[in-house]
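Engineer: Pasting a structure here, questions to come.
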Amino acid sequence: MKSTSNYGVLMMNLGTPDGPNTSDVRRYLREFLSDSRVVDLNPLLWKPILNLVILTIRPPKVAKVYQQVWMDEGSPLLVLSQRLKENVKLALSEKAGHDVPVELAMTYGNPSVEKAANALRAQGVTNIIVVPMYPQFSATTTAAAYDRLMSSLGRCPHWPALQLLHDYADHPLYIKALADSVRRQWEKQGERRHLVMSFHGIPKRYVTNGDPYARRCTTTSRLVAEELGLSDDEWTHVYQSRFGREEWLKPYADATLKMFPSQGIKRINVISPAFAIDCIETLEEITLELGDEFKDNGGEAFDYIPALNDSPEQVALYMDLIEQNTKQWT
Ligand SMILES: C=CC1=C(C)c2cc3[nH]c(cc4nc(cc5[nH]c(cc1n2)c(C)c5CCC(=O)O)C(CCC(=O)O)=C4C)c(C)c3C=C
Ligand SMILES: [Fe+2]
Ligand SMILES: [Fe+2]
């Protein structure tokens, strides 16, 4: 199909190592953790800690974790993001009756923003809708993606018209898709269980300073609980993936789940709505680490409900986000 679209789509996710080995993980963590949107400490203090401690100790450990979840085609975050991108492109092009250019870029690592923007330009695109693949806005992720795009275009003589998507924490199709995936899991397992909605954490200080992330996460949890008709004692909202010593958003997932069995909550389902795409954090940290800790403390049943990934529901959601925000161009 020839492209006659007057706009293109740039989908952006976080980024992941090129391979599950120490040097690729070190390169990835260096780029990611050097971004002041992610770690805002004074560089004079942070750089020596990062280079001498974190990048020495963490990469070999984390590489082993990546090896546990690596797919034949590559890192789950990249492979599943690519599949979603292909499905969105197909659906948009079919509906438009002509080819709609859609590219995927990562804020850190590959595929780079430069490569994706060049590919869009080569397809004649002058209007770009930027779709950060983060349901809940945070300066640590969404704004970091915007920064990366702006700095890559800084050297470009022909700036495209840009539409930056903010977030979709309360989008009805997103809430319904999450609720439907819980209903499907309950049907499959033949029982309703206590629902844990676990979000990637950020330092509490960032929220105190104005990051809307926590507010957007609690909005998502409340709406999913409402859609499922859950009473307050049938669901719990927590944050996982703590990093470093300062206080992060609470309640912490690990501490909360450890206490559950002694409170009579022994059979649970965990969903992680902040991740559009499954990755090391959901496939290893939640499914394996948290699951084992829960069972070691007396839990009987723990099942993780996968991210929306490249499902038809997620494609319909992204189609709607794109269509609603490109009306000025179509
Ligand atoms: C150091 C601070 C971190 C902040 C702040 C942070 C915010 C944040 N991250 C995601 C999404 C993802 N994070 C992923 C991995 C990951 N995150 C951090 C640290 C922070 N994240 C690290 C160090 C890592 C790498 C793994 C590790 O060393 O433990 C991933 C998965 C990447 C993959 O390859 O699979 C995602 C996705 C969000 C949504 C968020 C704040 C809203
Ligand atoms: Fe993270
Ligand atoms: Fe983690």
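All positions are counted from 1 along the displayed chain.
The backbone N, Cα and C atoms fix where each Cβ goes, and this holds for glycine too.
Pasting the feature list from TrEMBL:
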BINDING   H200, E281  Fe(2+) binding site
Engineer: Measure from the Cβ of E281 (Fe(2+) binding site) and count the other Cβ atoms within 10 Å, all protein chains considered.
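Structural biologist: 21, counting other Cβ atoms within 10 Å of E281 (Fe(2+) binding site).
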Engineer: For H200 (Fe(2+) binding site), which of the three DSSP-derived states applies: helix, strand, or coil?
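Structural biologist: Looking at the DSSP assignment, H200 (Fe(2+) binding site) belongs to a strand.
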Engineer: Cβ distance under 8 Å to H200 (Fe(2+) binding site), same chain, sequence separation 6 or more: which residues?
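Structural biologist: Result: Y239, Q240, S241, S272, A274, F275, E281.
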